[in-house]
Amino acid sequence: MTIRLLGRTEIRHLAKSIDFRPRKSFGQNFVHDANTVRRIVSASSVNRSDHVLEVGPGLGSLTLALLDRGARVTAVEIDPVLATQLPTTIAAHSHSEVNRLTVLNRDILTFKQSDMTEMPTALVANLPYNVAVPALLHLLAEFPSIRTVMVMVQAEVAERLAAEPGGKDYGVPSAKVRFFGNVRRYGMVSPTVFWPIPRVYSGLVRIDRYETSPWPTDTEFQEQVFELIDIAFAQRRKTSRNAFAEWAGSGNESASRLLAASIDPSRRGETLSINDFVRLLQRSADWHTVPKADDAGDDADAQAKADGAQVSTL
């Protein structure tokens, strides 16, 4: 028996059979086009050696395609009804492949390594629009074992993730995701391949983690770099000198730190690359603690203080 992918009629029939209605609060839009899920899986390059983390499997369209590639899949689903139904759907549309599936009923934003017994090597998902960026950044930080990411997100989010410094779409997500790896666009996806049909187009984005990170990857270092990014984009039209003035303690000190990092103080924050942010922090190592963007002005004393089919709902 070979794997049968889900079509539009099957998706709607399946939802009706379990009396399920998509919830906007969970960003539930299900892919019903076999060519689209094959395209996503092919672009991800996953194979039988991979352990794939899938976020928001929904009714199982992408899950089936991933299993068809021979990969082991851990599917994390926040909706208990869908999490309970998924193994049944996979078993009905495949054969022994269901034994390579684990389903966890969890919130992806609080999902952690201790929730899994084996670390994933890839992340492939149709991310819910409402949590796409936070979920992506959280998983990249929490699971350094993830080497490849292929996600489908709202087209606007895809543009932001892949944007280059200085462009109109370049912002916090663009810079932060590049802390972990290289980012590439993989085209658009029409709303017509979803049920219910969303009002916007979707985009595919692939992230390949750096084989050897150019900078430290510990949590403390990452958080400090991210704070600098937040500070810069909270005031993106200001010069870097002015944007970082409160963090540095004064405009002159800000300029000194920027120059030490080979950054022109007159450059705007929206032109700084991830390399610039990292270098700024490293050149400011003597000042180690980076205050949060929203309380930087109140921290003048900081310098002186120098994760067979199973469903788990646990």
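Using the three backbone atoms N, Cα and C, a Cβ is placed for every residue, glycine included.
Binding site for S-adenosyl-L-methionine per Swiss-Prot: Asn29, Val31, Gly56, Asp107, Asn126, plus Glu77 from the candidate set Glu77, Glu156, Glu159, Glu164.
For the ranges 195-218, 267-290, 291-314, the feature annotated in Swiss-Prot as region 'Disordered' maps to 291-314. When each of the binding-site residues Asn29, Asn126 is scored by how many other Cβ atoms sit within 10 Å of its Cβ, Asn29 comes out lowest. Around Glu77 (S-adenosyl-L-methionine binding site), the same-chain residues at least 6 positions away in sequence with a Cβ under 8 Å from its Cβ are Gly56, Pro57, Gly58, Ala83, Leu86, Val103, Leu104, Asn105, Arg106. Residue density at Val31 (S-adenosyl-L-methionine binding site): 24 other Cβ atoms are found within 10 A of its Cβ, drawing on all protein chains shown. Comment: S-adenosyl-L-methionine site residues Asn29, Val31, Gly56, Glu77, Asp107, Asn126; largest CA to CA distance 21 Å, whole number.
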